[in-house]
Each structure stands twice: as structure tokens, then as C-alpha cells.
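Asks: One structure follows; several queries about it will come next.
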Protein chains: 2
Amino acid sequence: MTTQDARTSAATTTTDGAIGSHKDYLEGARPDIRVPVRRVHLTNGRDVTLYDTSGPYTDPAVTTDVRRGLAPLRENWIIQRGDTEEYAGRELRPEDDGLKHTAPRGGRLQGAAGDLAGLDAVFPGRPRQPRRSRDGRSVTQLGYAKRGEITPEMEFVAVREKLEPAFVRDEIAAGRAVLPANVNHPETEPMVIGRNFLVKVNANIGNSAVTSSIEEEVEKMTWATRWGADTVMDLSTGRNIHTTREWVLRNSPVPIGTVPLYQALEKVDGKAEELSWEVYKDTVIEQCEQGVDYMTVHAGVLLRYVPLTARRKTGIVSRGGSIMAAWCLAHHQESFLYTHFGELCEILRAYDVTFSLGDGLRPGCIADANDAAQMAELDTLGELNRIAREHDVQTMIEGPGHVPMHKIKENIDRQQEVCDEAPFYTLGPLTTDIAPAYDHITSGIGAAMIGWWGTAMLCYVTPKEHLGLPDKDDVKTGVITYKIAAHAADLAKGHPGAQDWDDALSDARFEFRWEDQFNLALDPETARAFHDETLPAEPAKTAHFCSMCGPKFCSMKISHEIREQHGDALTPDEVAAGMAEKSREFAASGNRVYLPVTN
Amino acid sequence: MTTQDARTSAATTTTDGAIGSHKDYLEGARPDIRVPVRRVHLTNGRDVTLYDTSGPYTDPAVTTDVRRGLAPLRENWIIQRGDTEEYAGRELRPEDDGLKHTAPRGGRLQGAAGDLAGLDAVFPGRPRQPRRSRDGRSVTQLGYAKRGEITPEMEFVAVREKLEPAFVRDEIAAGRAVLPANVNHPETEPMVIGRNFLVKVNANIGNSAVTSSIEEEVEKMTWATRWGADTVMDLSTGRNIHTTREWVLRNSPVPIGTVPLYQALEKVDGKAEELSWEVYKDTVIEQCEQGVDYMTVHAGVLLRYVPLTARRKTGIVSRGGSIMAAWCLAHHQESFLYTHFGELCEILRAYDVTFSLGDGLRPGCIADANDAAQMAELDTLGELNRIAREHDVQTMIEGPGHVPMHKIKENIDRQQEVCDEAPFYTLGPLTTDIAPAYDHITSGIGAAMIGWWGTAMLCYVTPKEHLGLPDKDDVKTGVITYKIAAHAADLAKGHPGAQDWDDALSDARFEFRWEDQFNLALDPETARAFHDETLPAEPAKTAHFCSMCGPKFCSMKISHEIREQHGDALTPDEVAAGMAEKSREFAASGNRVYLPVTN
């Protein structure tokens, strides 16, 4: 691969901002706290400011280069705290990338393996040393919060969420929220996950043994954040796991999550029974040093729970869960994730990596929802949450899966109870099994509901779920669907200011400000394109009617007449009292309900 | 237009059945009760029988011809009751079709207007006389049910819903369900709408002054029923309203709904204040004679409610509601729909046309949800429901619109209370305003929830809502999305047998029966296509893994191993007891969790 190739690849990375808006920043308590927002300029002279996850890519003032990575936004904050130090770090090994080739740390661009294409090469950016806590000190946001400190990261998310920094700190201290921010991922823009904040959305990416390249995964990451993904999980399982992750991390403005077990299993050639605490620990440290912000750990799959799944309709559907179940059975021992959990906490604390305690026994179909296996594991996750908390390790809890609507509330209520209100992070849930190819919708329904009832982050599902790997279109559809679910939940929770967005768009609709309607939409391009399919001409964008009713039947137009006749300045009672008079005026005006039309 | 043209047009009508299944019929209490089902044949030798709305088009044993219309399935039942009679009927007038051309009843094919294309011509099928009740007798399904009679239509839906005929009768008698079946639409396959039955889905079609042709509308109707629409509303507002409706009715296997006000307004050249009871009544009779099964009537928009909308964010968004509001203001009188409601009941009773009492003041945005205007109108709809019921006219109540999740339950609970449990028929509701181009999803969320809580029929919303007129793809997306919402609601309500479909699909998924998974899907074509995008080769359809995890990480495969190791024949307790032994066996078998893989 040549430098020329890399530059061409870089050009494909998403860098365009949303139409009709521009990137802006809100300044925080200190000048280096600059919180990105998307500012939509309306044709009536007003602005609407929206939460923005797209990172520096959508800022025309910033030149990005995927070969160099993003600027380390948080680096000074981390250094200034003085509680971490750089160190040599773990030696990289061929098996980190699936036994294929050696990958020296931070080296220059080099064609490491002949079978690699596109960005499939060692990340060429600036050399870096990993960082970890000094002298075993607690360097987690939870640790700071418990000690009463407000970090720049907390200040940042307070501005982002329009809340007080002390509130952010208190929610984190209580374990009701997490702020995933590995000291080795200084490129990330701080964000918070908790039931008293905006509902967040995660997008999964990742190659598999069957398909996909590093280049595609980096592009999917920037693409997902462009449409609103708050975090991205890299679930790669094929070759080049380490290298893919390096490219993704160095270019990601959002926290990155992983499932270290997938890579550990690659290291033992896919034989679950050959997994060990040593291999797993080595992998976790490798990923901590790279900068992974949160890790799914299936430590709740206990030996005695496995038989509870034997009579399920679809058994164990979590990859991590099934791997650990197989290990437990093979060794007839409790899982090394469970028996070494305290040690794992010590490791994660040193880098401020957040636990995402995986639900390895989540139900894979409607028939298995809320069953004994799932509930048993949830109890154990509650126990592990308390241990993690004692170690100052931030923790969230993963949730299902497939759950019919009437069992969703029971599910989250139970989670909140047994896990001391730790943030719930759910996949969907899918509310029916009958619609493969539409599982973004079957699950978007469940996601909106469980978000309303308190889930803090929703893991998206794409139309390809159960069928194949998502391409860029699927990623976009999944993210948009889940942004809808998250925002619907914010509205239902009465999150302060959430309805402003709806109100701005509805005002634009009522006043036939078509361009504003498009620009305020979650997906301006598609909204505009759909309008233009029926009424393509430019005048139609200022027309006081639309293609649904045509010029004569427009209800909005009639409503305007009613408002004009009946006065903005009157209360409903006053309006009623004056109605007879108004009626005479209406008649005097010629009873014209519709404006003259030309066809 | 030539006969040749018509034949070509006919060829475009949807006639293909779903892949991997065939049309079958369940026989009822008498041989002429043949209830259509879609029978899916699984590769394990079993069958799954699914509800089928697609009509004779998907039966290869039936030759359909859109120029002749469907066979009059119910004709003998109607004649045998002996309580209706044919009569000359209302004389057709040029303005019935928008002042464009005369349209003699049941005439031969003739090029009536030079500007018409495709099927835009008088329906050429068999001559027919309209039918109405003899001597003012009550010929509605509600009338029969109140008198304790079980009609063939009730027998038919009992088989269709897998319930007892007496239960169907009792639900209709109680006003909790309607069976829309105009005596002039004998082509319809009986179906029932009520909270204790499967949740139904309506699809809207209809041309407007701006776009669309008759041919397209007929095709959209068959296409919508092909994907599962239980009823279709023809909301045409442009030219050729009468003729479009005739083509749709004669070819529709599902009940057809309309909003007669739209056509009445065309007759007075779009001037709302020139509407009158006489013009409206004439239009209603015209449509009753054609065979419309249910009619939206905005009789709840009272003069005193109109000022309640003056301060709304989006005013009145219902076309019918805004027309009636304008009329009330212009005349300073109570609406003719309200003052003549008893007379209207008499007309509808003579044909067994079902009321769909329209919510003319439904909210058009989140900010206006559940407001005073909407609730005031709902009270009036409750009053009108009681009057209709006294007249033996079947009645359902239309509902919103735009409602955030936390206000949905309040909405339906109030409707059920003030409308004596009359079936609720809701548009969505949309749970947020921010996603034009994705309002099938914003509303699918609300639809699933309100369906669970008791809504009997969901009016679909397509991706084009607020932006343009739906094309065929949009119709399909809207119907599939709403079938998901309806089925999720059936599951949550615990509807008997609803979960069988999910279970069959999940079994197929767990056993890697890919073809069965596709064929059981709501949309087999798309499910198969998505799978093939990643793993196109034929062997992948029998592979015991999929493209998400690849061959090495498959959780389903591991689950099978667990099941094999831990015995289908044991209870969880027995399994637990025997685990140590099993673990030794597992080790003895070589600890192979994965099958050997070739790459």
C-alpha cells in the first residue's frame, strides 16, 4: 500500500456537515472547554442549537486526516491532573492481529502483509506511549466524583446537556451515570450516559471472518457519528483486530466500546476451552493501552445458570455468553471473569475504562424473554456492579434483546432495583421475531419504550440484524431509527428542552417554511428528496400547500385563516365571546376560505 | 384508451403470492364459507398458517381481471337474508367526477375524456343495481347481532380469528367491534375490528389534485393488501373521484373507507362555506350505493370547539376538521353533520355502512397532544357513538395523530371510557415531530403501544408523510411497519396463538433453517435479499452459521452443543444434578466447541 492509496482512502471519510446548519462551539468554564453543537439557521432569523456527535469532521475550520488521527482534545486535562504516567506498555505480538503479521507500535506506514488492502496497515499517526494511573491511584471519573471533584470532562458534558456540573458529578458519584473516557483515548469528546441525561445511542461496527475491511470500519464509525451515534462499539472478530481498533480509536470523537473476549478467543485459535485468565487479562491490558473506553464483560454467566438455558427456544444468543458457557462446562468451574473480577477492576481503574457488564444469557426470542436464566444472571450483574463501584470503576449493565412490550417495564424495573440504578444499556429490545430485514423497527419500538422507562443508552439494531453485516446505508438507517427512539424517550421523560426541537419543526411546518422543516429534520437530505419527488420545482419550497392535499384542501391554510379571524391575542374564552362578531366579519370578507388557485 | 391498453394495465396488478407459501382456505360452518389463509411449508415438514388479506389475487386457481372486478363472495348471503332490495339508485352526475365527464352506471368501456390515461375510464365490469334495506329494516351486522343472529359474515371472521362465532356476535352487539360490510360491496372478505380481536391495519391510498392516476390507485390497493392491509381508505381529492372509487371497490377484497366530505367539497368547487347538508347527503348516498364500507364523518367539530384551536402550535391538521371548522365559522351555526346526524344514521343503516367518527381536531404536533380541543371533540364523539348505536349503525372512533409516549395511554383510556369501548382507530400516533421521511417509524412506535392498550385498528403512516404522496415502495414500507406494530400489540395483549408465528420463526433461526426463516418473515423477499448480499452462495442457506459471526463464533452453534450435552429430556434441576458427569463427558469428547472450519 502506498501513501497515495492512504490519501485516497482518507478522502472517503465522512466530512460533510448536515445541510442548512453549521458547526459551532459553546464555551465552558475554561477556554479549552469547547462543546460542539450543530446550529440550524432558520429562514425566520432564529437559530436552533442541536446536540452534535459528529466530531471535528464536520468543522470546516479543522483539517482532518485519518492517517494522523484526531487532535488529543483531553490530553492536557489528563496530564494536568498529574495522577497518570506514560510507560513502555505491553509488547505487541503477532497474535494481536490474528497471527497474520507483526505490528510494531506507532511505527511508520509499512506494508506489513501482502494480503492487506486499503487502510489495512499499521496506523501511521504520531508515536504514542500508553498511560496509566500512577501508584495505583484511582483515576476514574467515578473516583473523582466520589471525592467531590468536578473534572473538565464533567464541565464539558454539563454544557452539552444544559445541566449544572455539580449535578453531573453527583449522578456519576451515585453510580447512576458513567462518563466513559479512557486516559488513552484523549481524542474523545466527553459524553455522559445515565437515566437523568439525554438517552444515548450506540452503533456497532466491526469486521468479521467473512467480510469487511479496516477502511470500511473507520468510515462506518465516522458515518455513524455523523448521523448521531453517541458511542461506537468495534465488534471485529476477524483478522487485524488490533490494527482495526487502532485506526478506529485514533479517529473517533466518541467513546469506543469492545468485547475483549472476541480477541482473546482469536488468540487461542477459537477454542473456548483454551481461554484462560492470563490470555484474557493480556487482551484487556492491550485494549486499555490502546484507549478503549468501555468493555463488555460477560462475568455474570455462572456455571449453575447454564442449564437454565437448555430448554430455551433459542438457547444462548450472546456470542460472549455462549463462549463463557462453553468454557464453564468444559472446565466445570466458575468462569475466570467472575473469579478474577476484583483483579479486572484494578486493571480497568488504572485507565478509567468503564465496565459494560454483558448479559450473556439475554433472550434471543420472544418465547425466552424475562426467563429464569436472564433474571439469575441479572442478579449476579448487580453483585458485580457493587464490587466494581467499590473499586471506583464506572459501570453500566447490558440488557436484552427480544422482549414483548408487556414484559419490558418489568425488565428495566428489575435491573434498576438489583443494580442500584446503574445505567442500563439495552439492545433494542425487539418486540417481535417475525420481521427479519425490519428489526430496526421491531426493536426501535422496544427501544423507545425502555428508554422512556429509564434505559440510559440504546444499542442500535440495523435492518441486516440476523441476516448479514450492515453496510453504510444500514448503519444510517439504524442510527436514525434509534435517534428517533431516544428522542421520543427524552420527550416522554420530560427531559428539559427536549421538546424545543419538535416545536421548532412544527412551527416551520405550520408556517410552510419548507427549507426550515428539511434542515431541522433528523435527516435533512432524505426529507428534501422525498418532498422533491412529488413537487420538484423550486417554488414548491415556498408554496403554502403541499402535495398531500394539493392547493385547495390544505388544512394548515384553513387553520391560519381561523387564527387570523380569531385572534392570537385573545384567550379561548374571549375568542368564544367575540365569535358572533367575527363570524359577521368573515362573511363580510367574502367567505373566502381558500386563496384563489390557478388550476 | 383501447381494450389492449386496459389489458396491459391489468397485467401490472399485484397477483403474486408470498414466496414459500401457498393460498389455502379453511372451511366454515357451511361450504360457501371459505376463509383464506397463507400456508407456509417448512423444510421440517410442518406448516404454519397465517392470516391472509391478499384476496383472490394470490390464488393461482382464480383468474382475476381488474376490468371485470372480483367475484361477489357475499352476494348470496345478502340476498338470502331477504331484507334488502335492488333499486334504480341515484342518477350519476358530471360533478361526481369533478365536472370532467359523464359516467353512466355500469356502462361499457368508453373513452369518456380525452385527458384520461391508463385505467382512467368508466369501470367496464358487470352492470349492477345498488341495493338497500327493504322497508327501513335494520340490515347492519350490529342489528343482527343485537337480535342474537350469527351471520355468515360473523362465521367467516370467527374462523379467521380462531374464535367462536357467538363471541364475535357478542362483541359486535356490545359495540366493542365492527364488521364493515356494505351490502353493495359483496366482493369483500369479512373481517372484524375490535380490541378483542387481532389488531388491524389500514392503508390510505388516493390521488390528489397534484398527482397520481386511477391505475396507480388500484395497483396500490392490491399491493397494500398483498402485504397485509386489512382495510384501505380511498382518500382521493382530485378529478375522477367517483370513477377511481368504482375501480377500487370492484377490485377490493378488503373493506374500503372514504371521507365523503372530500368529494362533497369538490362538488361545490372547493368553497367550504357553500357546503350543505343536501350536497353532503347526496354524496353519502352516492358512495353508499357504490359500496363504501366505512365513512369518516367529522361530526364532532362543534362551533364552540373551534376557538380552542386558535392558540395551538399547528391549529387544525385534519382536512375534514378544518373544512367543517371553516363552515361553522362562516355560517356561525352548528355543523350540518352534527345537526343531521340522526338522518345520516338512517342512511348508513340502509346499506350497513360503518361510521368512522373522525377526529377533526386531532393534534398535529407534540405540543398540541391531548389538549382541550381534542378532548372536547372526543366527548362529542362519545355522544354521537351512542346515537349511532341506537340506530344500529356500526361505529368506530378515530384517534390521533401526534402524541408523546407518556400521553398515549391517557388518550386511549379516555376514548374507551367516553365512547363505551367502541373500537378505536388511530393514525399512529407519531411520538416525535423531528423525523420527516421516517414518520412510519416515529408513528410505528406509538401505534404498537396504543395497539397494546386497546386500539383496534391502526392507520398506517408512510415515509412520505408530511412530504409527498406515497408510491408503491412507500405503501409497502408503511404496511410492513404497521403489521409489525399490530403483531407486537397482539403479543403484548396475549392474543391467543399470536406467538405461534414468532415461535416458528425462532425455531427456524435456532435450527439454521434459513429458507424457513425467510419464508416465515413478514417480507420474505427482502429478508432473503439481505442475507444474500453478504453470503450469496446457495450453500450458505444451509450453513450452520451466518455472516454476522462467521463460522467460528456462532453462539447458536454453541447453544446446540450445550443442549446436546445437557439433554433435552431433563429438567433444569436434573440437568444441574448431572452436570459434573456431563462435564467429564464434554472433556472426553475432545472439548471441541466448534466444528472444524476450513478458513
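Every residue, even glycine, has its Cβ placed from backbone N, Cα and C.
TrEMBL does not curate its annotations; it predicts them automatically.
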Asks: Out of B:Tyr87, B:Tyr144, B:Tyr262, B:Tyr482, which does TrEMBL tie to the same substrate site as B:Asn204, B:Met233, B:His298, B:Ser318, B:Arg319, B:Gly320, B:Asp359, B:Gly360, B:Leu361, B:Arg362, B:Glu398, B:Tyr425?
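Replies: As annotated by TrEMBL, B:Asn204, B:Met233, B:His298, B:Ser318, B:Arg319, B:Gly320, B:Asp359, B:Gly360, B:Leu361, B:Arg362, B:Glu398, B:Tyr425 share the substrate site with B:Tyr262, chosen from B:Tyr87, B:Tyr144, B:Tyr262, B:Tyr482.
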Asks: Per TrEMBL, which of B:1-23, B:47-69 is region 'Disordered'?
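Replies: In TrEMBL, the region 'Disordered' feature sits at B:1-23.
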Asks: According to DSSP, collapsed to three classes, what secondary structure does B:Tyr262 (substrate binding site) have?
Replies: helix
Asks: Short of 8 angstroms on C-beta distance to chain A, which of the listed binding-site residues (B:Asn204, B:Gly360, B:Arg362, B:Tyr425) are there?
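Replies: Answer, by Cβ distance to chain A: none.
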Asks: Using all protein chains in view, find how many other C-beta atoms are within 10 Å of the C-beta of B:Tyr425 (substrate binding site).
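Replies: Summing over all protein chains shown, B:Tyr425 (substrate binding site) has 27 other Cβ atoms within 10 Å.
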Asks: Provide the number of Cβ atoms within 10 Å of the Cβ of B:Gly360 (substrate binding site), excluding the reference atom itself.
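Replies: Summing over all protein chains shown, B:Gly360 (substrate binding site) has 34 other Cβ atoms within 10 Å.
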Asks: Would you identify the secondary structure of B:Gly360 (substrate binding site) according to DSSP, in three states?
Replies: coil
Asks: Taking B:Asn204, B:Met233, B:Tyr262, B:His298, B:Ser318, B:Arg319, B:Gly320, B:Asp359, B:Gly360, B:Leu361, B:Arg362, B:Glu398, B:Tyr425 as the record's substrate-binding set, what's the max Cα pairwise distance in Å, rounded to a whole number?
Replies: 20
Asks: Across all protein chains in the structure, which of the binding-site residues B:Tyr262, B:Arg362 has the highest Cβ count within 10 Å?
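Replies: The largest 10 Å Cβ neighbour count belongs to B:Arg362.
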Asks: If one measures from the C-alpha of B:Asn204 (substrate binding site) to the C-alpha of B:His402 (Zn(2+) binding site), what distance in angstrom results, rounded to a whole number?
Replies: 18
Asks: Around B:Ser318 (substrate binding site), how many other CB atoms lie within 10 A of its CB?
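Replies: Counting Cβ neighbours of B:Ser318 (substrate binding site) within 10 Å gives 28.
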Asks: Judged by the number of other CB atoms within 10 angstroms, which among B:His402, B:His466 is the least packed of the binding-site residues?
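Replies: Counting other Cβ atoms within 10 Å of each of the binding-site residues B:His402, B:His466, the minimum falls on B:His466.
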Asks: Which of these binding-site residues is closest to B:His466 (Zn(2+) binding site) if you go by CA atoms: B:Tyr262, B:Ser318, B:Gly320, B:Gly360, B:Arg362?
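Replies: Going through B:Tyr262, B:Ser318, B:Gly320, B:Gly360, B:Arg362 one by one, the Cα closest to that of B:His466 (Zn(2+) binding site) is B:Ser318.
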Asks: Suppose you look only at the domain 'ThiC-associated' (B:20-85); what would the mean pLDDT be?
Replies: 94
